[in-house]
Amino acid sequence: MTAKRVVPHHVAIVMDGNGRWATRRYLPRVAGHKKGVDALRACVRHCGDIGVKVLTVFAFSSENWNRPAEEVSGLMELLAVALSREVPQLQAEGVRIHFVGDRSNLSDKVRSGLAQAEAATAGNNRLVFNICFNYGGRWDVAQAAAGLAARGETITEQSLDRAMALSHVPDPDLLIRTGGEMRISNFLLWQAAYSELYFTDKLWPEFDAAALDKAVADYGRRERRFGKTSEQVAAETGRGRKAA
Ligand code: IPE
Ligand code: IPE
Ligand code: MG
């Protein structure tokens, strides 16, 4: 019997390991980030091809401002360049871009690049592509709560959820982190409550279509229980009935 492939609706990725990839080759760290853009391009395409509907990536964290100034400015520049280069192709592939994060302390150049990319792809619906840039999970919870408080709204799980930065998509089903670290690093603290976690030692520039397939296959073998028992899940899905 061939098992039906279970494709996660929403995949989130902490794209880690660019710096180490570059350093191992005696290259500047920014060269690793450039290579990371190539890996991301391929990943977006493969997600669309296998039927993932939402891809959310961590591109720059609230804490990444603490890196050397040269690396921070290199990353800002890379984002601006990558957007102007990649948007026409993403547009052709039916990808809708959203930026998720605090835009208030980004430069005008970066901010207008983000707005243009969002506007240009607003009519697409094959794949929703969320780029978390200047994002932190704690920032997200705080901005959502502050927004509700300012509007005099009651704080409930539902109202907070609606005020969060990823309210336009369901929570991630699969959360991948490359680069070998087993931590969240202030990524989707609220939304990853029930995501399946997948860690790989592969550095982000090496994460290719085969590596994504492997993560998706691993996801397909997980039993998502959401607090219930295995027996309840089996009864609901019709799986595992033969188990003693
Ligand atoms: C992830 O790669 C990209 C960003 C944080 C912008 P790193 O730059 O963190 O790579 P390592 O962890 O130093 O190898
Ligand atoms: C997480 O990676 C942030 C991004 C991938 C953008 P980091 O490399 O910044 O994480 P830490 O600092 O090692 O936890
Ligand atoms: Mg890192």
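Any Cβ shown, glycine's included, is placed from N, Cα and C.
Here is what TrEMBL says about this protein:
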- Asp16, Glu196: Mg(2+) binding site (BINDING)
- Asp16: active site (ACT_SITE)
- 17-21, Arg29, His33, 61-63, Trp65, Arg67, Arg177, 183-185: substrate binding site (BINDING)
- Asn64: active site, proton acceptor (ACT_SITE)
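Structure coloured by features recorded in TrEMBL.
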{"residue": "Asp16", "record": "Mg(2+) binding site", "Cβ within 10 Å": "22"}
{"residue": "Gly17", "record": "substrate binding site", "Cβ within 10 Å": "25"}
{"residue": "Gly19", "record": "substrate binding site", "Cβ within 10 Å": "21"}
{"residue": "Trp21", "record": "substrate binding site", "Cβ within 10 Å": "23"}
{"residue": "His33", "record": "substrate binding site", "Cβ within 10 Å": "25"}
{"residue": "Ser62", "record": "substrate binding site", "Cβ within 10 Å": "19"}
{"residue": "Asn64", "record": "active site, proton acceptor", "Cβ within 10 Å": "17"}
{"residue": "Trp65", "record": "substrate binding site", "Cβ within 10 Å": "11"}
{"residue": "Arg177", "record": "substrate binding site", "Cβ within 10 Å": "23"}
{"residue": "Glu196", "record": "Mg(2+) binding site", "Cβ within 10 Å": "19"}
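Among the recorded positions Asp16, Asn64, Arg177, the residues whose Cβ lies under 6 Å from any atom of ligand 3 are, in sequence order, Asp16.
The 6 Å Cβ screen around ligand 2 retains Asp16 from the binding-site residues Asp16, Gly17, Gly19, Trp21, Trp65, Ile184, ordered by sequence position. Close to ligand 1, meaning a Cβ under 6 Å from one of its atoms, are these of the binding-site residues Gly17, Ser62, Arg177, Glu196: Gly17. A distance of 11 Å separates the Cα atom of Glu196 (Mg(2+) binding site) from that of Arg177 (substrate binding site).
Ile184 (substrate binding site) falls within neither a helix nor a strand when secondary structure is assigned with DSSP, and so counts as coil. In sequence order, Val14, Gly137, Ala192 are the residues near Ile184 (substrate binding site), counting only same-chain partners six or more apart with C-beta under 8 A. Between the C-alpha atoms of Gly19 (substrate binding site) and Asn64 (active site, proton acceptor), the distance comes to 13 Å.
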